[in-house]
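Annotated features, as they stand in TrEMBL:
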REGION    172-192  region 'Disordered'
SIGNAL    1-24  signal peptide
TRANSMEM  64-84  transmembrane segment
TRANSMEM  96-117  transmembrane segment
TRANSMEM  137-162  transmembrane segment
TRANSMEM  223-245  transmembrane segment
TRANSMEM  287-305  transmembrane segment
TRANSMEM  317-335  transmembrane segment
TRANSMEM  355-377  transmembrane segment
TRANSMEM  475-496  transmembrane segment
TRANSMEM  599-619  transmembrane segment
TRANSMEM  663-681  transmembrane segment
TRANSMEM  693-717  transmembrane segment
TRANSMEM  729-750  transmembrane segment
Amino acid sequence: MSLRAHLRVHLPLAVLVLLVAAAATPFVADAQPASPDAPAADACADPTVDGTCHNVPKALRLKLIAIPTILVASVIGVCLPLFSRYVPALRPDRNLFVIVKAFASGVILATGYMHVLPDSFNNLTSPCLPKKPWGEFPFTAFVAMLAALFTLMVDSLMLTFYSRSSKSDNTSGAAVADHESPAHGHWHSHGHGHGDIVAAESAAVAKPEDDESSKVQLRRNRVVVQVLEMGIIVHSVVIGLGMGASQNVCTIRPLVAAMCFHQLFEGMGLGGCILQAEYGLKMKSGLVFFFSTTTPFGIALGLALTKVYRENSPTALVVVGLLNAASAGLLHYMALVELLAADFMGPKLQGSVRLQLLSFLAVLLGAGGMSIMANLARSEMSSQTPRRVTLFTLLVLTTSSLAVTTFAQTEPEAPPTTTHGVCGGPAVGGKCHSVPRALRLKLIAIPAILVASMGGVCLPLVSRSVPALRPDGNLFVVVKAFASGVILGTGYMHVLPDSFNDLSSPCLPRRPWAEFPFTAFVAMLAAVFTLMVDSLMLTFHSRGKGKASAAVHGHESPPVGHCHGHGHVDMSEPASPEDVGKVEGDVEAAKTKLRRNRVIVQVLEMGIVVHSVVIGLGMGASQNVCTIRPLVAALCFHQFFEGMGLGGCILQAEYGARMKSVLVFFFSTTTPFGIALGLGLTKVYSDSSPTALIVVGLLNAASAGLLHYMALVDLLAADFMGPRLQGSVRLQLVSFLAVLLGAGGMSIMAKWA
């Protein structure tokens, strides 16, 4: 695709985003507020003009300072990597560049988790909005999940079309080359010195493959830049609009510092991607311009609407909340898949454990710094393998048993005085509270969920005997995509909103639980630590297999040059270096893929074990029939299709019967174990006690981050960017529809339960 085509397609889209924001904001400002609930009337009144924080002249002065300051920080951040070729230590092939890019990727990830996601939750659960539907469905999580999925679709389809366009260009070039160049077979026919000839032939053979690999990577980098730029434009306009419309000096002052930090390092991440995309000067200038000006544009737009824009009006809350949720999902996908996983699973970082650890530390520093900045602004505003799996799983089960027993017997901390009636324990009145009926439902749930779990996880394992469900068939790909959507829906639609609700409960002391987004922070850390475990396990698997393979070849196999065949047709001609290299490359690629699949299974199993125990515990301890009845059906659906996703991964990992049995056993029994544990603690466990809310909320947050990473990186992106789906647009679209159906089904179940 030519530079002119890039500009014609993508820069007008960026302009369109800005114009839509400018056009939509007056409607948001002028819209009549929907009727909030009666108790929320005072909270939705216009902000007071009294007090030290509300000062129109000082706010205007700060905003006028903010526009050039943020503009300069943005320009410096995005341009710094573009000039790094002139600084030897910052060149893209140096370790320092990798570490700095990891730091910037951490900033982008934290922007999605720590800034826009909590803001969206706060907006869409505001008391200024009517309880129906905004209080009955997790719209933030739903929109973020959809945004991540549509980003995946755009990413995958753009890569496909880029690849096809490049192949057609190569075909044209090859036709010209056929007429102008001699045949390749005669290029090396007159050499002398066999060692040199083999080296020359190897170089000649490797060069086209290397060129093709570099072209694929270049196309990938260009897709990343374009999708990332669009997401940044959306959330930058929203952030700037909020700052420009505010008259609160106490809000604006720290927000300016936070935005400068954010734009500088987010720009460095984008600039590093632009550098690797190898665009021309004109395209680079367009990307730099739109990144640098969108936040100042948003501030200017907010300034113009200061007198008519009310940030706590229902329409403004809904529009800004939905835009923030969409930005969060897009940034989750881009940071986890395209920035972090792409680098950590790449050859440079996989070749050095030390560089991996330094880069991981840089990610933590970037994410931590952005978390501090977001909070600063917000506070002012409002084999060994089965043994490892078995021991870890037993540790989770034992620890959960001990922890639950401990905090079940702990006296609850004193909640705020206004909430004693809410936090004193479950009500015993009403038609929903029935101990005998609840017990009967839970006793039915244990075998029902056990059977559903075993059916789901075992179905892919016996699919080799069913021709339509074999791993090399399209139906298997589509079913696995559906199951991956269920797993993603579990992370976004079930455990993440539950964690937000638990850790923002009025039963908890306001300080620190209401002053910091612990759910988002723990989910982000869980995703980053899952990345680290995923990357290091792949490295150690590769090194262990590599050493074993080298030992076998060294002691059992003669050198390739001395091999002699017997009884084969036409063995007078030895295998060419091209054939040998291709076979060895295919074997090594298959081994790498197998190691990757085994790492995926182990990490995914760990996350499923954690959240399954938590879900089962909540059901087992509840006496609410109205809660338990739909939850049984939801959990059977969830466990069946989540099991299918895990079972598909186990099948591709090619484990032996013993390891398969261990994985199936622990997946199938953890939720029933949690229910049984809750049953044993029914009389002493209170799910509204502060300690229970904190423990369960933090575990749910950690499970959410782990499931986000596994579903987006190791299940969806791994399949959609792989050769099978990249080779068929039709199969991509069918698989994407299956993902939507799986995620949508889990969303309906979350609403129902």
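The backbone N, Cα and C atoms fix where each Cβ goes, glycine too.
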Please identify the stretch among 96-117, 287-305, 355-377, 663-681, 729-750 with the greatest number of Cβ pairs below 8 Å relative to the transmembrane segment (137-162). 729-750
Spatial neighbours of the transmembrane segment (599-619) not adjacent in sequence (6+ beyond its ends, CB under 8 Å) are 385, 388-389, 392-393, 396-397, 400, 404, 442, 445, 449, 487, 490, 494-495, 530, 533-534, 537-538, 541, 627-628, 631-632, 635, 639, 642, 645-646, 649-650, 653, 655, 663, 666-667, 670-678, 687, 696, 699-700, 702-703, 706-707, 710, 714-715, 718
At a Cβ cut-off of 8 Å, and with pairs 6 or more apart in sequence only, do we get at least 3 pairs between the transmembrane segment (317-335) and the transmembrane segment (96-117), yes or no? yes
Report the listed stretch (64-84, 96-117, 475-496, 663-681, 729-750) having the maximum count of Cβ pairs within less than 8 Å of the transmembrane segment (355-377). 96-117
As a test: from 64-84, 287-305, 475-496, 729-750, pick the stretch that has the greatest number of Cβ pairs under 8 Å with the transmembrane segment (693-717). 475-496
Can you work out which residues elsewhere in the same chain, 6+ from the ends of the transmembrane segment (64-84), have a Cβ less than 8 Å from its Cβ atoms? 90-92, 97, 100-101, 243, 252, 256, 259-261, 263-268, 270-272, 274-275, 284, 287-288, 291-293, 295-296, 299-300
Sort out the residues at least 6 away from either end of the transmembrane segment (287-305), same chain, that have Cβ-Cβ distances under 8 Å to it, and list them. 11, 14, 18, 21-22, 25-26, 29, 60, 63, 66-68, 70-71, 74-75, 78-79, 82, 225, 229, 232-233, 236-246, 259, 263, 267, 270-271, 274, 279
